[in-house]
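J.: Here you go, one structure.
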Amino acid sequence: MAGGSSNKVDDAHETSITIEGDHSTMLEIHKVCLPPNKTIIQSIKHNFSEIFFPDDPLHKFKNQKPSRKFLLGLQYFFPILQWGSDYNFKLLKSDVISGLTIASLAIPQGISYAKLANLPPIHGLYSSFVPPLLYAVLGSSRHLAVGPVSIASLVMGSMLKEVVSPTEYPTLYLKLALTSTFFAGVFQTSLGLLRLGFIIDFLSKPTLTGFTAGAAVIVGLQQLKGMLGITHFTPKMQIVDVLSSVFSTTKEWSWQTVVMGMCFLIFLLATRHISIKKPRLFWISAAAPLTSVILSTVLVYAFRAHTSAISTIGHLSKGLNPPSANMLSFSGTHLALAVKTGIVSGILSLTEGIAVGRTFASLRNYQIDGNKEMIAIGVMNMAGSCTSCYVTTGSFSRSAVNFNAGAQTAVSNIVMAATVLITLLFLLPLFNFTPNVILAAIIITAVIGLINYEEVIKFWRVDKFDFMTCLIAFFGVLFLSVQMGLAIAVGVSILKILMNVTRPTTMVLGNIPGTQIFQNVGRYGDAKRVPSSFILAIESPICFANSAYLQERILRWVREEEERILANKEQDMKTIILDLTAVTAIDTNGLEAIVEIRKMLDKRSYKLVLVNPVGQVMEKLETSKTLELFGERGLYLTVGEAIADISKRTKIGV
């Protein structure tokens, strides 16, 4: 048994062993050491740091003068101060080009996504002005293009619409949307300040893929109202209700609207296809939405005497974002709805924003701070709720255009916001004759890109459970509701985590002839069992959730090995070797399980030996006095050393 707390290797002795007929090799038998002594304060500090500060954000402040620390603190909270001092005309030129490019996409998308959230179109433009300015100051990504996004718009629109009708109670609906945005910002900022960003990791990729695809289908079907010119349409979001509403209102279909919608939809899809096939022509797809808006508006205006059946956006009031802090409601019967909507839409927008930011940061070999991004996105949503904006985040489509257009810094967001500002002040009357069918076509084109069938095929090939999680999220959104589909998919993901924890992998190890390597006999055909010894490995922490299972599973392994030995008339098993290399942690239940396993095996005349417990496990085995039960030769550093020493002691009759 290991003694003391030094991390130095104890004195060792040499021995030799022949495994399965191989040549004898000399091995040093090392004793397993305890980790260095730590006080309770040191242990708590270490664990706290690893959980909440794995990136050590304060490393830049070490050994710095107070004035330097103050400057670094300002740069930490306001990244624009970090890169702003080195900004030059060359960077400005690239950012202006990319900013104007994404503005051409942001303006029609902003109007469209506001419609998707059941809000007046003007709020989409408001949300493309204030939030990008704040992100340029607070954000750490150089390429993230901020504004309304389809998923957050859809979720907010569907959750609020189920309780409050945007047509019957437009003022109440707007108040709830703004209040939800405020709570989304509070939630996002809190996650960043408390460094709890790991919470969003519970939204696994299969969950998001299935949810996004289901939402995309629902969004696309909802746009049939605009594509067909339907006046009376169901407020429900389930696929059955939507399709029933489409085919029960055939008398309302407008052939002029259908023709215009199909023509521009084909145009938008064609430009998108060209940009995908030839990334250098990204600007074709980026300019297509604004081009469609301009052309359709001109056509409707020119032939307005013959296009009365085509509905248009109508009047949009010019001017900057009006203050809306007085519309935030923190009481009343709908407060719970606003909080719930804010949290759900906040999590989704946060997940998308950080994922997009990290994607483009990796392409340019720089890092973004996830917690800092949460604070930036949260602050801009809180401020946005007070300036007539609804939930915003980083958009993948606009960020991709921004990246391909050559953006160098967040100034591209400022240029985009300035362009939106000019639109709000001077160009809004031009949208009076913009047909709603164009907005529907733009939304359909955008959401088609959210259906990632290649990823679903990959889930099927790699992990069937992930595939099922993806399908559950997809069909949950289609047939239940957006939030229910997401909730069920998250529940399935958590179930997967619980299954991995409560039913960890155990395996039988064998020796690969001619080596001191021990591997899974079920995986490596040439791995041979060692006579008189039975080697088991556990690949999981041992805790209260799985200790009973591991106890039962190990005893079952032993029983099956006894039956195999009896059937093959092999040498009797005498020693059970438990490889703890992959056991990263253990609690009191796990320690008790180890003791119980040893007692049960001892009653059956088997000796239990432990191999290579990691530092934390070793420390708990020692402090709990569990190691005293295993005697002097009950703990080894490697499986090879355990086999060598046991074989030697068996030969000399010890």
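Any Cβ shown, glycine's included, is placed from N, Cα and C.
The domain 'STAS' annotation in TrEMBL covers 523-646. As annotated by TrEMBL, transmembrane segment applies to 172-196, 208-233, 253-270, 282-303, 374-393, 405-427, 433-453, 465-495.
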J.: Under 8 angstroms for C-beta pairs, at least 3 of them, ignoring pairs fewer than 6 apart in sequence. Is the transmembrane segment (282-303) in contact with the transmembrane segment (433-453) by that rule?
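T.: Touching, yes - the transmembrane segment (282-303) and the transmembrane segment (433-453) meet the threshold of 3 or more Cβ pairs under 8 Å.
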J.: Quick one: DSSP breakdown of the domain 'STAS' (523-646) into helix, strand and coil?
T.: 59 helix, 22 strand, 43 coil
J.: What residues in the same chain, six or more past the boundaries of the transmembrane segment (465-495), come closer than 8 Å to it by Cβ-Cβ distance?
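T.: Same-chain contacts beyond the flanks: 154-155, 158-159, 162, 202-211, 213-215, 217-218, 237-240, 340, 344, 348, 456, 459.
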J.: Counting Cβ pairs closer than 8 Å, which of 172-196, 208-233, 433-453 has the most of them with the transmembrane segment (374-393)?
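T.: Between the stretches 172-196, 208-233, 433-453, 172-196 has the largest tally.
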J.: Could you tell me the mean pLDDT the prediction assigns to the domain 'STAS' (523-646)?
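T.: Result for the domain 'STAS' (523-646): average pLDDT 90.
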